[in-house]
Every structure is written in C-alpha cells, then in structure tokens.
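Notes to accompany the following structure.
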Amino acid sequence: MSELTKKTDEDVIEKPLPPNWILQHPMYQHLMNLDVGDSAQVHAAFLVYLDLAEVRQWKEVSGVGCSELRLVLLEGREKEGEPTQTVLPLPVHRGLCHRSVRSVLAIGSPMLLCVVASDSSLVYQRMCDGLLTPDPPVGIQDQGRRQHRKRRQQH
Amino acid sequence: MDSPEQKITKTVSREDASKESMANSRHVIGIHFCGPTPLVWRADELKSARELGIIGTLVGSLARQPRQNTRLGRPLELLPEEGRLLADMGRAAVIPDSTNEDPEVNPEQVEQYHAGLENSFQEQGAMVLADRKTTLLRVMTEKHNEDSGSQEDSDGAVRDRLEALEHGFSFPRTAMAVQLCTARAGLSHCPEVRRFLAADWPTPRDERSETRFRVFRDLRRQGFYLTSAGKFGGDYLVYPGDPLRFHAYFIVVCISMDESMPLCDVLAIARLGSNVKKTVLLCSSGESQEDDREEVVYTSLQWSGMV
C-alpha cells in the first residue's frame, strides 16, 4: 500500500525540467527552423515570446522570419480582436540601424522593439513613423508674479 | 558742443538707417566667422534672423554682469546648419575678416578718431575734477558745521584745499571710458557689397554635416523652430513655435540609414525623452535622387514605452 501511495505521489509531482528545456521547446525549435537569425537573436526572440504569450497573455503569438534583415520577428495581438503588432527582439549587445527599423515599420503594423539583456530582463520601446507629438507636461500654470518674486529672493 | 567724433557717428547712423529702410525686406545678415563658428553681431540682424526662424544662442558676456551665464549678450552664435540655411536663402553674407585685409585705412578718419578720443579724454578729466571738487566742498562744509572755527578761516582753508586739488589732480589715460560702436566700425557693409558676398559660404561636406543640414532644413520648412540640444544628448530640440513661448516637442537624433546604433544608447535616449516628455526622433536622409530634395525619414520613439 505504501508503494502504491508513493507511486501516486510521484505522479502528482511534476517532473523537474531538464536543464536544456529551452532547446526542446516547440516554439524555440520553430524559431530555429526559420533559419534566419543567429542563435543569440533566436534565443532573445524566444524569451520575448515567453513574456508576451505567458506573462502578458498576448493572443496568437507567432514567429516570423525576415530574410531581408536576417532576423526573427514576433507577431501577436495584445488582446482578442485587436490588430496584430510586430515585435523586433534583439540582444542588447547588437547594434541597430535605422534602415532595419524602417523595414520593420514598412510591414505596416504597430512596432515594438524589445531589447533583451544578458540577465534576460526585457525592455520594450514603441516606434512609429513620422513626428508623434508628445503629451503635454502636466501642471502648467501661469505663475504670474510669483515666479519673479521667487527669483528675486534667490539672488 | 558736439565733438567731431559724435558728428561722424550721427551722420553714419542716418546713412545706414536710410539704406536699411530701402533694403528692409531683403536685409542681408552679416556673418563673421570665428574659426568654424558663425557669429552675428548687430542687434537688428539678430532680429531679422529670428524673424526667419533662426534662433541661435547668445554667447557674449554682459559688461555689467560678467560673472554669470544666465543672461548673455551678443554675439549670437549660429549652428553651422543655421548659417548655411541663411546662405542658401540668400539672406546671409560672410563678412571677411578685416584683420587680413590690406590695411589701407583712411588716414583722415584715423586722425579724426584720435582727435575725438583726445576730446573725450579732456572732457572726462574735467568732469572728474569737478566731481572731486564738489565732494571736497561738501566734506569740508560738514566738517565746518561740526567745528566752531571762524567763517574766514574756514573759507581760506577751503580755497587752499581746492587749489591743491587742482594742482595735484591728474586723470590717468587708463581710467578713460572709451565707447566701442559696434554698429559702425568694421561691422557694416552696404547692402550691395553684402549681396556680392552672399555667394561665399564655406561648407564642410561630410556625411554627418550633410545629414544634419538636411534634417534641419526639412524641419524648418515644416515650420518648426530648432535649437541645439546639448543638454539632452541629441542634435536638435524642435519647438512648434518660438522657443520663448513653447516647450520642445522633439529631441532630434541625426543618423545615417546604415549606421549601427548601440542599443544601450537607443534605450538611454528613449528613457530620457520619456522622462522629459519629449518624443525622440531618429532622423535620416533618404535615398539620393537627382535633385537635392531627398526625403528625410523620421522614426518616433514614443515617449511612453509599453507598460
């Protein structure tokens, strides 16, 4: 009876992941098989995939190869029914040229650059074409005389 | 009691004024180069430049407030792009460096100038002496009111002191105040000469300068005002109107299409833009075509990154 119990316990506990679980992940293998980016860029793309799909719960996240740039891109929707966005994942040690950015922008969907650091932390940066006017700073008021009085006190 | 020097000043001003009113709408801005840096000296030209959307930056020390740099005066330092745009518009002329010119100065003018200086010196000396006498009188009168000597004694003492003052007084040359007329000497050319000089703009033609200029020209054409962006690590700050009235919208970073930017730098400047509520613009000059009008491409790094 105790052996039976033990066997049941073992069934309930998850098997520990092998150290190279990333390499065996179907999505990682899919990205590698696109045969476009180098292994560092594919690794970065995979980490971004995990973040989008599992942490941020994006829908329909998929990997796309861009042969022109020799890079793997990711596509997905932030929420059901929203338009697809394109994410450009890059490891931090790489450089970025404006031409590559323009190529990705030319795809037409909203673009995010995601930079992956060596500790796997991610930073997203949205990019778009043209001149995007920023939101105005908050709390702008005409100070009137107060501002001049303040300055005079300082001197 | 006009001195000859004052007379000359007045005459020249009247001439300049009439010439300027004739050429008012096509007033050419004189630019003096200090090394590679274009400078504008005349107040009316600073105004003209600003009306054309060329802001520049004041870099001159103020005589009465030398030890600060919150408020600065002339000259106005222009960005190379600002100067070049003015030249392209036909509104700027490079004023040649007069020290290199053949020193064929009008000897009569030199003589008049020195005579004027001498007059000024005598006048100033007389004024200082008069001032000292007044002070002496006042001090001695006060002293007399305190003491109780006789009237005649005190009068005599005052007279003696005044005489001693006059004999012993000397006004040193080094104490003389000299007026520098920036509107006159060497800084004005008549409009005809300026139009002739307008063709002569020194242009360094490396790719980076070229990109910067094209971006500057394109944004200016769209009606924005641009200043240098040293504090923000970019190339320009872009304002929707005069910088005195608006906050900047954009920090411009000029790069070539194929130049590789380190990602850390991209993130750093994007972060900075986010903190100061300005959009960072990556700007490049597009593919070259037959004419000079390449398209400039702009990519905005949105100031709010993804949450």
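Just so you know, glycine gets a Cβ as well, placed from its N, Cα and C.
Matching B:1-21, B:274-294 against TrEMBL, the residues noted as region 'Disordered' span B:1-21. Taking a C-beta cut-off of under 8 angstroms and a sequence separation of 6 or more, B:HIS247 (active site) has the following same-chain neighbours: B:TYR239, B:LYS277, B:LYS278. In this view, B:TYR239 (active site) is surrounded by 19 other Cβ atoms within 10 Å of its Cβ, with every protein chain counted. Taking all protein chains in view, 22 other C-beta atoms sit within 10 angstroms of the C-beta of B:LYS278 (active site).
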